[in-house]
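Quick notes on the structure that follows.
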């Protein structure tokens, strides 16, 4: 009922997340899109100059986390403001593992495993919370990062952070191209895994839980387990993204994972259309393009204070306007449990 | 023992500020069923205005008044221009819009004032009096207690003893019936936001001199502490907000004093987790809405 109304109001068709699995599968053969994407990225890395390659790599790293977050928030209805902290977990794990063993594949694996474990702990708590309570808890997680790094400064070296030791890229590949390849390999694998997951039984369970927990329970879905699993999957993606960021910057510090990062991620998935993996790609692109644009604008204006801050304002305004003008993404989420009585 | 007494008073003083801030959150929650995640940023904006006014005129009190007025104006603006048009079918929408406001406000403040910490002087001495050899309270702590006490008393009087307060409660509790009886429900909502933002600004004015200084993100940790305070007391309960604020203040003070100041945010997170999982309705909640 409400769905129909919203479709009419917003004009644009709401992404049909609840379509039957068979109908969705016919629409896009996922593996073809992934292969095409890989070919496109490969071609781009040979055409672009080094700095653009670095930016391309950053888009890939962002795509890992926005894809995971859009599945959690868009398909399972859990809003997390703590994904910046999860990325920090992955980044620090990679840095510590790299500096100790200098084995890149193992370090990435470890980063994902550790972040998944942390995500499981948060997810266990999150599965019992709804709406603003969950947002507040995950916000607290995001804010605690600098506190953790300064309390255990022997391990994390407080505000200075750690540098990441890396082997030189194999052969004669330039560093930036190597970074772009690795980041996009991670991103495409993540997206493929998420697509397969979302189109299967698990995706259906997640959407059922999002739409109506009671009905999902009656249909034999284990609501709590589905929610924890969704959080764990999304945390693993964030861990990989964080590790990729550490690999890109060759250093980690709490300043790289501020609260605004978590808010940017939310903005990215909201603008792209919640629950849509293509939307996650648009979001990841925006996360790289908008700051670059506002940076060059600030340099043109010659104002030191505009740097960074202009991007904040643009992101904020876009977020508010999208939410007010086209709430189609978020509006499809219904929390019947907590807010049955509307004002 | 001396340290314990000192930390206790210090904690109560911090707690009073968190209580005021939590009260602001509870006011909006009761009126609109929204947790205002932009409260911290709005308060910082008000303190920046106070900073400018104080620098221009040399008077702390003019700045103080300017902060409260800014709070009122911001509250009205945010409610009338933005929050009124949010689709409330999902509670996430209000949260996400508030987060967008946080980005906007922090960005604008950064553009106008820069991202350095600006020093803010306290209006009274922060040196503690000694009572029998034990450092207990500073003049500033007393000022905090008086200010927060006055706000709590004024709000209590407003809500329990005046027709406007009755209308506000009615509009929040049964909007449709209130509208039939001639209450301007939208107006009451706007008034609630204005009051809450003003109280938040007051809390900002009180807390900033005790922290590192003024910065666009200065209230992030304070917001989490106040949110925790509000959850400890139950988001629906004003008394709970005050008690919760004092509990959080004491906890932070003891942890900072006996362990290390950097551990304090982790202690808040832990308290939040324990309360949310153990007693999610809060210690004083009268609401039966949330069953988890």
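Note: Cβ is positioned from N, Cα and C throughout, glycine not excepted.
Note that TrEMBL annotation is computational and uncurated.
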Annotated range (TrEMBL: transmembrane segment) out of A:104-126, A:265-287: A:104-126
Annotated transmembrane segment segment (source TrEMBL; candidates A:133-152, A:153-172): A:133-152
Correct range for transmembrane segment (source TrEMBL, candidates A:11-29, A:30-48): A:30-48
Criterion met for the transmembrane segment (A:30-48) and the transmembrane segment (A:228-249) (at least three Cβ pairs under 8 Å): no
Cβ-Cβ under 8 Å with the transmembrane segment (A:228-249): same-chain residues at least 6 beyond its ends: 54, 57-58, 60-62, 64-65, 67-69, 71-72, 75-76, 78, 80, 83, 86-95, 104, 107-108, 111-116, 118-120, 122-124, 126-127, 164, 166, 179, 182-183, 186, 190, 194, 197, 202, 206, 256-257
Chain residues outside the transmembrane segment (A:133-152) and at least six past its termini with a C-beta under 8 angstroms from it: 78-85, 88, 92, 122, 125-126, 158-159, 161, 253-254, 257, 259, 262
